[in-house]
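Now, the feature entries from TrEMBL:
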SIGNAL    1-20  signal peptide
DOMAIN    24-215  domain 'L-asparaginase N-terminal'
ACT_SITE  Thr32  active site
ACT_SITE  Thr111  active site
DOMAIN    235-345  domain 'Asparaginase/glutaminase C-terminal'
Amino acid sequence: MKFMLKVVAFMLLGTTLAFAKPTIYILATGGTIAGSGSGELSTAYTSGTVTVDKLIAAVPQINEIATIKGEQISQIGSQEMNNEVWLKLAKRVNELLTSGKADGVVITHGTDTMEETAYFLNLVVKSDKPIVMVGAMRNSGSLSADGPLNLFNAVNVAISKDSVNKGVMVVMNDEIHAAREVTKTNTTGVETFKSPNAGKIGTVFYGNVKFYMAPLRKHTASSEFDITKITELPRVDILYSHANDNADFANIAIKNGTKGIISAGMGNGNPFPTVLEALGEGVKKGVVVVRDSRVGSGETTLNGEVDDAKYGFLASDNLNAQKARVLLMLALTKTMDKAKIQELFLTH
Ligand code: GLU
């Protein structure tokens, strides 16, 4: 009799464990996915007006596959994203994943700066558990709103065992992109997110997750950055180059105490001649200058048409300017050694 009771208890425990759902935290920051407009066909709307509870309630199917917990981190359009929210978000994600409270995290976010937040988290979260960012191009009240299916897909990616150690991912429009590679390429289309240098790493079709590639650069648990004790980030500016440019913005940024400049130059990172000289003067004053390109794909190579060795410039590898800015900010929290910073650009 005692033996039989033990067998039944063991079977019950096994069944419970087999059906134990993963716990996924949905951290909401705002954006169009939480936006509401003045009608199903209206192009006017306000970001971040719908709360996390309402976002979750709109997709009841996610409760069948995971224990869902929601938290509101901020309620902003992502064009308002700032260092304070980044640090708050990163510290919360770290806490949830390393304490074991969460098996994965989904972050709802506006699409404008999603790639920057994704790369920031990719560099500072110390866990190999899934971290998925998701948004929408159509607000929640719009005809064919894309948010609900994107959120359903994001939770499915967050619970997939195949998502472990993929770094931070962006899930939109049935595609899975790696944080380092992904960028917004279209102002209004639902197919806006692309990874121009590497392609998407996977797909998710009505919750069916498939990976085809994995990111190789250092990320999350293997990244060299730690923001545990950091409360602010250094100023780094981006300068966008064009024909007949002038050095005014470079000079003002340097005069106003910027610590780093990402030069989004023409072609293979070429600034206009007067800007080139102004940036060189900035280096002499201690500003770290990283040459990047406004082109949108491809590598910015060291000592191409610009004599980087002479000016003391670094090169961004193939990061776009907004991501190079994130990496340089974090690099400057660690070191001013230019060789070390260049190394970080070649490994992260
Ligand atoms: N500007 C808004 C944001 O980034 C709208 C873009 C979006 O979420 O799709 O939050």
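Cβ coordinates are placed from backbone N, Cα and C, and glycine is handled just like the others.
Bear in mind that TrEMBL entries carry predicted annotations, made automatically and left uncurated.
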Position of peak Cβ density within 10 Å, selected from the active-site residues Thr32, Thr111: Thr32
How big is the Cα-to-Cα gap, in Å, between Thr111 (active site) and Thr32 (active site)? 8
Reported in the order helix, strand, coil, what are the DSSP residue counts of the domain 'Asparaginase/glutaminase C-terminal' (235-345)? 44 helix, 23 strand, 44 coil
Mean of the pLDDT scores, which run from 0 to 100, over the domain 'Asparaginase/glutaminase C-terminal' (235-345): 98
